[in-house]
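Q: Just dropping this structure here.
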Amino acid sequence: MGETVLKMEGIDFSFDHQTVLEGVDLEIQKGDFLALVGPNGSGKSTLLKLALGALKPDRGKVSLFGVPLRRFRDWSRIGYVSQKANSFNRDFPATVREVVASGLYGKLGLFRRMKKEDWKRVEEAIKQVGLESLSRRNIGKLSGGQQQRAFIARALVSDPEFLILDEPTVGVDTRSVDEFYRLLAHLHRKKGMSLLLVTHDIGVVTTYVNRIACLNRRLFFHGDTDEFVGREKEVFTAAYGHPVQVVEHAH
Amino acid sequence: MIEMILHYGFMQRALAAGVIIGVVSPIVGLFLVVRRLSLIADALAHVTLSGVAAGLLLQKQFPAFQALNPMVSGMVFSLTASVFVERLRRLYRSYQELAIPVILSGGIGLGVVLISAADGFNVDVAGYLFGSILAVGESELWVIIGTGVLAGLVICFFYKELFALSFDEESAVLSGIPRRLVHLLFSLVVALVITASIRVVGILLVSGLITLPVAASLQIATSFRQALWLSVLFAQISVLSGLAAAFYFDWASGGTIVLVSVLILLAVAGGKRLIRPGSGKTGAA
């Protein structure tokens with residue numbers, strides 16, 4: 001087995017005296033495409049924040065690429081598309097190009113300006129998500145699906161090995177959603193990228209991902225998709241507290 | 001006007017001060033506006049009033065402070081306040097704008113008390129309130145030049161970090177951009193620029209020079225760079241008109257600058273509607 005990209009062990013987290021997460025163990029190996037599913041308020045976004053060091057667990061250990069989070073500095077190896085990407089200021093004066101370029105700034109570091117080859121990488125990332133004809137358009141004027149792809153490009157531009165997406169398809173129309181998943185599948189299969197996707201689209205993801213984790217305060221399932229399919233009713237009933245209608249999209 | 005500028009020292013100083021302020025104010029303003037912090041400029045300007053009053057009081061009471069330029073004490077006050085704004089904002093998670101009236105009224109309150117305690121000054125306090133570009137002295141010009149250079153350097157060196165933090169703070173921080181350092185440096189630059197602008201537009205109108213050219217540029221800019229250059233262009237037109245109005249008609253420079261900025265904003269917004277009807281509203285299509 002290859003490198004472990006993300007390892008979370010025995011994570012407990014509470015907020016305002018409410019237990020949000022309890023004894024969560026999550027592991028993502030290099031080349032995995034894992035979907036993290038669970039009901040609203042199940043602690044999915046919190047788990048991501050803990051994985052990225054934006055929150056500190058009450059108990060448990062987190063490591064990225066084998067390095068304890070406390071000492072991890074190599075943030076350019078990780079791309080992150082937040083849920084908030086949908087709620088940015090749509091009057092912000094910025095083109096797709098400018099927004100995508102900002103994904104490189106952390107990696108470039110202070111006092112280094114964008115060079116020609118950096119802009120080339122920006123153009124490549126934009127091309128990868130199929131927005132090249134819109135690269136000089138104002139980002140606020142794009143459709144929801146196009147904006148989403150611009151944010152993926154921003155995450156991709158620093159050439160990350162591990163991409164984390166927090167409910168990226170909320171507010172995106174169905175056709176764009178399918179296109180979007182195909183893009184993720186492409187990154188996974190062709191580029192060998194490891195992905196962690198938080199999502200509500202339970203039916204769709206089983207087509208694309210190879211690993212599934214089902215969370216509701218604690219993990220109710222964490223394993224291969226093949227193992228999950230056929231057991232989903234039982235897992236979801238346990239995790240959600242009631243049976244869940246799994247909607248399959250036609251492909 | 002060109003011969004006049006060559007002829008009179010005060011015109012040369014006024015022009016230099018106006019051009020420098022007309023570059024740095026709208027640039028700083030753009031970053032403030034897109035982060036929805038444009039009112040901070042107003043709050044800090046009012047704190048500067050108390051700093052200026054404190055400087056004048058020191059001058060009056062203690063001969064040792066004769067050489068102190070009130071602009072310097074104004075700067076010290078607004079620098080201190082700029083650091084506190086962030087702290088105050090964190091005090092209330094959902095009422096972040098409360099920091100602004102707290103600082104604004106605190107600044108003006110202290111300023112008024114200091115002025116009354118001094119029982120009047122030899123200098124014209126109104127010059128600080130409303131600005132008088134033709135009265136920029138040599139030492140003040142040096143303060144303005146220093147501020148311009150410093151602000152220019154910080155914005156050049158941290159342009160990409162400032163942009164990333166303004167657009168999406170969460171992602172910027174996660175990508176490894178040092179938020180605290182950049183925010184701190186930027187707040188210090190804001191405080192300096194506001195104080196330096198006071199001679200040109202006055203305490204009461206500083207926020208106009210900082211936000212109005214930006215407001216006009218946001219109507220038509222597609223990219224951030226465009227917004228930047230357009231707001232500088234609009235600010236230069238306003239400042240030079242203010243200078244001309246002050247020289248030829250003896251009008252208040254600050255008032256003219258702000259009025260011209262308002263006219264530019266109206267013209268840009270109106271022109272946009274004429275060219276592309278229905279595009280008056282910005283935002284998601």
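Every residue, even glycine, has its Cβ placed from backbone N, Cα and C.
Okay, so TrEMBL annotates it like this:
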TRANSMEM  B:14-34  transmembrane segment
TRANSMEM  B:39-58  transmembrane segment
TRANSMEM  B:64-86  transmembrane segment
TRANSMEM  B:98-121  transmembrane segment
TRANSMEM  B:141-159  transmembrane segment
TRANSMEM  B:180-198  transmembrane segment
TRANSMEM  B:204-221  transmembrane segment
TRANSMEM  B:228-249  transmembrane segment
TRANSMEM  B:255-275  transmembrane segment
Q: May I ask which of the stretches B:14-34, B:64-86, B:98-121, B:141-159, B:180-198 has the most CB pairs under 8 A with the transmembrane segment (B:204-221)?
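A: Stretch with the highest Cβ contact count: B:14-34.
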Q: Can the transmembrane segment (B:98-121) be said to touch the transmembrane segment (B:39-58) if we require at least 3 CB pairs below 8 Å and skip pairs under 6 apart in sequence?
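A: Per Cβ check, the transmembrane segment (B:98-121) touches the transmembrane segment (B:39-58).
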Q: Check the transmembrane segment (B:228-249) against the transmembrane segment (B:14-34) for contact, please; criterion is three or more CB pairs under 8 Å, pairs 6 or more apart in sequence.
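A: Yes, these stretches are in contact.
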Q: Are there residues at least six beyond either end of the transmembrane segment (B:141-159) with Cβ under 8 Å to its Cβ atoms? List them, or say none.
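A: Cβ under 8 Å, 6 or more out: 13, 16-17, 20-21, 23-24, 27-28, 69, 71-72, 75, 182, 185-186, 189, 192-193, 195-196, 199.
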